[in-house]
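> I'd like to ask you about the structure that follows.
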């Protein structure tokens, strides 16, 4: 059997920039599989190519819908609307019109970017202490989930607003694929089945969810033909009336009645006025540079873009491009930079409509140079040394919170060169566990900080009426030094999302990889593997099982990390411009697919 050092020598000898990278990744996955007695190596995925347009998503039904819309002459916004509507049907466990969305839009004609915030908002009855017990202690997330975790959803408002501004095809036409799947059926995938099993104890009492996912007292198995007649009828009404059916119409009334009836008298009810008042917000664009490339993403409350930009700036002087991706050192540098950036995020990220968020100061080059100098030449920073930086006189009250555990992402480039990176979520797998008229409602109130203050200082992510919780979602685009769009990328994955995106950007820019090869790289990052259903969630360096990263575990341990070798399931998808062609890149870890023409 090959030993670890031989594997690394093989990697360094035979792996180089260009077309051999994919072969080497397969080779390493195969060898490491044998070495660690894993039954199956993780397969790599073939690029999809196109000359005119490309779509990429975490579900094959969603991808094929986007392809069909672009083939009909629709644009990127049209495809986004149709794809998200289909996701609402086939992946309601992760995303849907009962949840929230961030969409980064690139308009080729004006060479400009717009960041559309359709994040869920706290109801007007919300209070900073609503998730504290009688002793002033934060209640558990499991206690929060349910009707009290429902915020005012924003996804449908974002879809309708952007379509009114930029869409080309008729609104009703774009809902036909979703209505068809809801009426005539689709096959439930294993990912959804696993989430239903994981969340079973809090789902089976909801009558609509029980009808949808249970049969004869058992959860329907993977591969079951699923239909959702109630959602089909709701979508028909939305096709006819637009977003007003939810925000000014019967659906809002039914949601308010259903949720408030389950809340009882001692909670914070929803109101129809909350739905009436909801609006999409255009947020600031976060723009930074890395090795001659412009990195474009969202400002707060979507904090992933700031986190990635900070990490890249800290890495700029370390010349990762001269290191090999099978070495431990570049992964150490990325991890330590991310640890520092995450502390800034916890301290300063929030809804800028409600709190002061010092984004410009956090992205200041001198500030980040000083932060980067905290990364030791060898080894790792102690937990005590990893603190938020001092930014003018802003408060630094810091307390980490929950993140959306299950999300969906789509990437789109249309024939006119317009592009979309859109990430959406219902807050956690199966959201609040409340379904109304076929629409699964979000659990985004659980993503606020339950504790409003630390040491007398208010937290940036504390609950306020109308406020939107911070998110690690990271829709991102990269512009080449020529000024042309180079990469559209994003991922599901909770608080790990920025790390997945960072790895991909570094792979493409520093190691001259294709987007597909960069996505195929192992997931290695510091954090906590979140699973509410388990008593212990490991925290430390999370190293993806059944990849060549396992070979590096002894080195990571020697550096000082507490290492956990576990499945680290991203759902990256990306579109890359290269040599006049479009390349769709997808994630083997989830059922991601790309289609182009």
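Start at 1 and count along the chain as shown; that gives each residue its number.
Placed from the backbone N, Cα and C atoms, the Cβ positions cover glycine too.
Marked as L-glutamate binding site by TrEMBL: 119, 494. According to TrEMBL, the feature active site, nucleophile maps to 407.
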> Quick check on the recorded positions 407, 494: which one has the highest count of other Cβ atoms within 10 Å of its Cβ?
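Of 407, 494, the one with the most crowded Cβ is 407.
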> Please give me the CB contact count at 10 A for residue 119 (L-glutamate binding site), counting all chains in the structure.
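Taking every protein chain into account, the count is 32.
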> Taking the Cα atoms as reference points, how far is the residue listed as 'active site, nucleophile' from residue 494 (L-glutamate binding site) in Å?
7
> DSSP three-state call for residue 119 (L-glutamate binding site): helix, strand or coil?
coil
